[in-house]
Structure formats: C-alpha cells, structure tokens
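Some notes on the structure that comes next.
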Amino acid sequence: MSATSLEVDYYKCKQTCPQAEEIVKGVVYNYVSKEPGLGAGLIRMFFHDCFVRACDASVLLDPSELNPNPEKLAVPNNPSLRGFEVIDDAKLAVEHVCPGVVSCADIIAFAARDAAYILGSISYEIPSGRLDGRVSNADEVLKALPAPFHNLTVVKALFAAQGLSTNDVVALSGAHSIGRSHCSSFTNRLYPTIDPTMDESFGYFLRGLCPENAPVDGVVTQDFVTPTELDKQYYQNVADRKGLFFSDWSLLTSVDTASLLNDFRTTPGLFEAKFAESMVNMGNIAGSGQGEIRRICRAVNY
C-alpha cells in the first residue's frame, strides 16, 4: 500500500482485528523483557525491511526452491539479523484470533514500535494497513542499505532514495545505542593501525575484544555505557569518537548532521521525539501497493 493508504489503528477502524496491536505487544514484551537484544533486532529488522522494496516483510521470507536467495541470506542480514522467532510467534498469536487479516509487514512495524517503548520508553502510533510482498532478492540488499564503512554522502543518498531526510539519518542512527555488532563490521578501523577518527584508547579496548585474524567473528555491544537502553548516549559516544562504525563518525563531518548530533546529545527528550517521528517516516516508505496477507511470515501464499 502507499503511505497515504496507511492509517493509525487500521485494524480497529476496519473492525477486522481490533486486538491485533495488543496481541503483538504481549508477545514482544515476553521476549524482550527476557532478552533486550531481541528488541534491538526487531528495530533493525524494520529498518532492513523498509529499505528494500519498502515495508513489505520481504526480509522474512525463507529460501525456497522457487527463490533460493532471498533478502534473509544477504550479508547484512545473515547471520546478524535477530528476532524472526518473535515475529513468528506474534503472527501465530494473531492468526489464532483473526486468521488471514493482519500482515506480517504490519507485525514487524508494531514489534519495532513496542521494542522502542520497552527499551527506551519511546511511545508513538504507527500507521498500518501494509501488504506482504511476494518478491525477495538478496542482491537488492547491499544496494539499498547503508553499510558501516559508508561515508556521510553515501548514507544521505541512500536515505534520500527512500524519501527520508538528514534529520532521519541522525535520528535513526541513534538505534546504535542498543544491540550488538560483529567485529568484522569495524575491524578495518582497528588493524593494521587504529583509525585516527577513533579515540585511540577505545580502539585498543576494541582490539582486546576483537583480535586480529580471530578464527571466529566476535560480537560486541554497540554502546558500552547503557547497552540495553535506547537513549541519547549514542550521540555522546560519537562526539567522543567512540562509535564502532566509520558511518557513526561520519555524522561529525558535516555541519548539519554535527549540529543535529549535538542537539540530540544535549537536549533532554529531543532524541526520543525525533526517533519516534523518523520511525513513522520510515514506515511510510511507499511500496508497489501490491501484495497479500501471508498465512505464515516465512513463505508466500500458494
């Protein structure tokens, strides 16, 4: 559906499944209250879904005989994307009450919103009424998603391609205040020498967690100060040159983004308000308007 076709409380207004959002919220709370990292995964899943073919749950599709290489297998998603089991259980719970009505795409949007509230007390209404797509192609993912090594010009261009602004770039980057990262996403900043854009002591600290040529790709938290709280600490970390990614540091390389970063860092409540606004903006990325309501989220209907 187009963004103009979406509406807040869609399933209540249509009287097709008034309980849908509450059902999803209950499932998300059960998972995220026990494992906060899954909340970070759900927010990231929403981002990765919406940036490729809009918010159509194409990221959920498993490989199949007809489609052996879906988005789920692309490098940015495999093996690091988390929370698929949360979406599966939420869909199962909704289907039990309202079969064939609520899209998997909307369930991702609801789950990300609920995770933001659980981890950061960030509250907002998310329009719904999306359809689930039938196409999922891993080759499209790298072209659409910002990468940890991208500079600000590239990141801005990728956001602009989705109709998103510089404000959205800075606000949504704040999701790096939760969750984790594989060492391979930033070891190019540690070896052979520590990137001069990174705080040197922080670089040596990360070397201890991510040894050079380690046989296993290690995992570290993205924010070492408040690792399970979706908050403005990320912006302080970046200002101190203690962000993991080159793309984090790149927010300091332009007057507009550096000014926004400083505002988010110093103004109570501003990050939370702008993050909520940008999550809604991202959820409004317009798709083809074609799709279905999947019976299960991992496979198209046949």
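Every residue, even glycine, has its Cβ placed from backbone N, Cα and C.
On the 0 to 100 pLDDT scale, the domain 'Plant heme peroxidase family profile' (5-301) averages 98 in the predicted structure. Feature annotation from TrEMBL assigns domain 'Plant heme peroxidase family profile' to 5-301.
Annotation source TrEMBL lists active site, proton acceptor at HIS48. Cβ neighbour count for HIS48 (active site, proton acceptor) (all protein chains, 10 Å cutoff from its Cβ): 22.
Within its own chain, VAL52 (Ca(2+) 1 binding site) has SER58, VAL59, GLU71, GLU140, VAL141, ALA144, LEU145 as residues 6 or more apart in sequence whose C-beta sits under 8 angstroms from its own. Annotation source TrEMBL lists Ca(2+) 1 binding site at ASP49, VAL52, ASP56, SER58, GLU71.
Residues or ranges marked as heme b binding site in TrEMBL: HIS176. In this structure, HIS176 (heme b binding site) is part of a helix by DSSP.
When Cβ atoms from all protein chains are considered, those within 10 Å of ASP231 (Ca(2+) 2 binding site) total 21, not counting its own. Under the DSSP three-state reduction, ASP231 (Ca(2+) 2 binding site) is assigned to coil, being neither helix nor strand. Annotation source TrEMBL lists Ca(2+) 2 binding site at ASP223, THR226, ASP231.
Proximity note: of the listed recorded positions (HIS48, ASP49, ASP56), none has a CA within 10 Å of the CA of ASP223 (Ca(2+) 2 binding site). A count of other CB atoms within 10 A of each Cβ picks out SER58 as the most crowded of the binding-site residues SER58, THR226. The Ca(2+) 2 site is set by ASP223, THR226, ASP231; from the centre of their CB atoms, other residues of the chain with a CB within 8 Å are SER177, ILE178, VAL225, PRO227, THR228, GLU229, LEU230, LYS232, GLN233, TYR234. Taking the centre of the Cβ atoms of ASP49, VAL52, ASP56, SER58, GLU71 as the Ca(2+) 1 site, the nearby residues of that chain (Cβ within 8 Å, site residues left out) are HIS48, CYS50, ARG53, ALA54, CYS55, ALA57, VAL59, LEU60, GLY133, SER136. Straight-line distance linking the Cα atoms of ASP56 (Ca(2+) 1 binding site) and HIS48 (active site, proton acceptor), rounded to a whole number, equals 11 Å. Reduced to three states, the DSSP call for THR226 (Ca(2+) 2 binding site) is coil. A straight line from the CA of ASP231 (Ca(2+) 2 binding site) to the CA of HIS176 (heme b binding site) spans 9 Å.
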